[in-house]
Amino acid sequence: MSRLAFVFCLMFTVSLATASETSTTQKSPAWPERGGPLMNGIVPAGSAKNLPVKWDEESGLNVAWKIALEDDGYASPVIGNGKVWFTSATTDGKKQFIYVIDESTGKVLHHKLIFENEDPEPLGNNVNTYASPTCVLENDAVYVHFGTYGTARLDPETAEIVWERRDIRGKHFRGPGSSPIIYEDSLILTYDCIDAQFLMSLNKKTGETNWRVDRSTDYDDLDENGKPKRNGDLRKAFGTPALVEVDGKTQLLSVGSRAAFGYDAKTGKELWTITHDGYNAAARPALHEDIVVINSGGRGASMIAVRLDKTTVGNVDETHVLWNRPRGNSRLATPLLYEGLVYMVTDNGVAICLDAVTGEEVWTNRIGGTFVASPVLANGLLYLCNEEGETSIVKAGREFQLVSKNHLEEGMRASPGVANGALFLRTFHHLYKISK
C-alpha cells in the first residue's frame, strides 16, 4: 500500500471510529470523493467484486437503472450508505443544487437548491460548468463546493445546510474546477483564479478558517503596464490536491499554474516547490513510493516526477526531478498509478503506459474518443470513459490488452464512481447504474 493510500485509509478509519459512537449500522462511504477511498482512482476489492466489464444500453445488459437529470454539471458521483450524491447547476450559473439518489432504485431523494447567485461570471467556453467540483462524503456530513459561488456542509439525512461560506471569492474566468478534500478535522479548498491564487483550510465542523496560504509563484506574465497578460488567464488552474506522508508528516501536494508545491497539511506552510511551463493544471498528483508524478496542464502538458524525502525542501528544480516527459501526455484526465506503472489517456484518445521510476514509455495505443474523465481501476482493469459515451476497459500491465468497449447514448466528462459492485456513470444529462 502506498503512503498516499495509507494516509487516506487512516483518515477514514478515524472517521469511522468516531461515527461508530453514534451509529452501529453505517459503514464508511464506499466512494467518498472524486478519487475514491484511496484518493487515487483504485477501487478496493469489496466494491470491485462482480463489477461488469460489458454492458449494453439497447438490450439493457447490466444497466440496472438510468435516470434523467436536470441542470448541468461534471461533478463525479460519491456513494455511501445507500445514497449517491453529486452537484448540479443551471446553465446560466444562477442556481446550484445537490442531487441525492437512492443507490438501489435510482429514485431521486433530493434535488435541493443550495445557492443562488445573481451575477455569475461567464464561463467563456463550453468545456466547464458551474458545478464541476466533486463533493466529499463522510458518515455525518456532505461537503459541497462551487468555488467562488459557495461552500457548505450538509446534513446527510436531510441535505439541509449545517454551515456555509459565501465569502471566499475569486474570478475563475472559466468556471470552478478544483474539488475539496478532507484532512483530519479540516476541509481543504483550492482557488487558482485569475485575481487570487491560494489554498485554504476550514474547520469541517464549523466552517471557520484554520489557515490560508497564497501561492508564491512568479508567473512572469506582466505587461508593460505591470498588469497580468490575458487578464490573468495564465494564472488559473483547476487542480485537486493529494495527501502523502513524508518523513513522518502529512504533506498536501498541489499543482498550480507555473509551479507545483508541497505544503504542511496541518499549517499550510510551504515546504517545497518546482516550476513548470504549464497553466490550467487539472490533473491530480499521483504517487509511487517516494515519487510524486505531476501534470503541468495546458496545451503541451508535461509529466514530471519528483522524489520526496526529508531533503525535498525549497526549490527542487535542480535536485529532485527524476524525469520530465515534455509532450504527448494527458491534459485534463488524472493519471492512475498502479504497481509501478503510470496510466493515462490523452484528450484525443491515446492510452499510454509509463514506467513510474524512469518515465520510459511502456506502451501506447489509440483507443479513440475525447477524454476529460479520469480513469478508475478495478480488478486489475482500467475503465476509460469518453465524451462519446464509450467506456474502454483495458487490462493493466506491461502489454496493452483491450478487454471490451461499451457504449451509452451520451458522453461523459464526470469521472466514474464505484461502489458495491456497480459503476455510477454520469453522462451529460443522465445518471446510470451499471451492475450485474
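Note that Cβ sites are derived from N, Cα and C of the backbone, with glycine treated the same way.
Lifted from TrEMBL, the feature list:
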| type | residues | note |
| --- | --- | --- |
| SIGNAL | 1-19 | signal peptide |
| DOMAIN | 37-165 | domain 'Pyrrolo-quinoline quinone repeat' |
| DOMAIN | 201-306 | domain 'Pyrrolo-quinoline quinone repeat' |
| DOMAIN | 312-389 | domain 'Pyrrolo-quinoline quinone repeat' |
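With DSSP classes pooled into helix, strand and coil, the tally for the domain 'Pyrrolo-quinoline quinone repeat' (312-389) is 0 helix, 35 strand, 43 coil. Secondary structure of the domain 'Pyrrolo-quinoline quinone repeat' (37-165), assigned with DSSP and counted as helix (H, G, I), strand (E, B) and coil, comes to 7 helix, 54 strand, 68 coil. Helix, strand and coil residue tallies for the domain 'Pyrrolo-quinoline quinone repeat' (201-306), in that order: 7 helix, 48 strand, 51 coil [DSSP]. As a whole-number mean, the pLDDT of the domain 'Pyrrolo-quinoline quinone repeat' (201-306) in this prediction is 96.
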